[in-house]
Amino acid sequence: MFYLIGLGLFDEKDITLRGLETVKKCQRIYLEAYTSILLVQKEKLEELYGKEVILADREMVESSSDEILKDADNCDVAMLVVGDPMGATTHADLVIRARELKIPVRMIHNASIMNAIGACGLQLYKFGQTVSLVFFENNYRPQSFYDHIKENVSLGLHTLVLLDIKVKEQSWENLARGRKVYEPPRYMSASLAAQQMLEVEEDRQENICTPDSLCVAVGRMGSDDQVIFAGTLQELAEHDIGPPLHSVVLVGRDVHDLELEFLRAYAVNLENFDRVAKTYLEK
């Protein structure tokens with residue numbers, strides 16, 4: 001059997017009881033280590049499980065799926081995933097490949113940012129499509145995220161923005177020269193995300209990601225020191241919410257007054273928050 005097991009949001013203790021029982025019976029255990037990160041070292045997992053955990057980077061997951069699935073028709077193999085197992089298309093690819101090899105698959109779910117974001121007080125059923133925001137480079141500044149946010153804005157819906165993670169990435173030069181030299185890990189901050197959104201707004205001028213757009217930023221969700229920030233996009237661009245991981249929400253115009261009341265507790269500037277929130281309620 002091939003198992004995809006969600007680890008939850010923070011540390012080794014967030015795995016479900018069912019997930020832990022399953023891991024302990026597996027002969028081989030991989031930790032998917034590039035679509036998200038756990039906020040503890042893998043040694044903590046190994047200590048809890050009493051088993052070796054193999055780090056599976058992008059290259060292994062995308063290019064060596066048959067190696068991961070090897071013998072899973074005769075023994076139990078697990079892929080551990082931060083958050084929920086189906087939070088990335090890569091994991092769907094693994095399931096499809098396992099099916100092609102006639103290997104049975106089972107998923108064990110867990111909390112992810114997709115549902116934990118409700119901790120900020122915004123109602124989950126009022127969210128539109130989730131978007132991803134990548135690091136802007138000199139010659140690479142994609143704006144497709146802006147168009148997706150625009151669609152959500154037109155419907156009055158909130159937008160969850162997932163921020164870029166660079167783990168075991170190569171520079172363009174090293175990639176072109178075929179050198180397996182990797183850059184240090186980078187995790188996009190909420191403030192940088194806000195800055196990039198404002199840059200695109202300045203270019204597009206469509207009033208989608210304006211300095212006065214209400215937003216929420218969350219950091220280290222599920223941890224003991226998680227932080228929730230509420231304010232304008234301009235305020236977020238100037239505010240540091242600490243170590244990773246971060247996510248951002250742009251508040252939709254169809255926001256309910258109870259949602260705004262909940263958010264007030266996290267406002268970085270209450271007077272300014274109330275001023276901007278009033279314009280949302282006057283829609």
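Note that Cβ sites are derived from N, Cα and C of the backbone, with glycine treated the same way.
Record note: Swiss-Prot gives Leu9, Asp84, Gly87, Ser112, Ile113, Leu163, Met221 as S-adenosyl-L-methionine-binding, and the candidate from His246, His256 in that site is His246. Non-local neighbourhood of Leu9 (S-adenosyl-L-methionine binding site): Val82, Gly83, Ala111, Ser112, Ile113, Ala116, Met221, Gly222, Ser223, each in the same chain, at least six residues away, with C-beta under 8 Å from its C-beta. Secondary structure at Met221 (S-adenosyl-L-methionine binding site), taken from DSSP and collapsed to helix, strand or coil, is coil.
Across the annotated binding residues for S-adenosyl-L-methionine (Leu9, Asp84, Gly87, Ser112, Ile113, Leu163, Met221, His246), the two most widely spaced Cα atoms sit 17 Å apart. Listed in sequence order, Gly6, His109, Asn110, Ala111, Ser112, Met114 are the same-chain residues at least 6 apart in sequence whose CB falls under 8 Å from the CB of Asp84 (S-adenosyl-L-methionine binding site).
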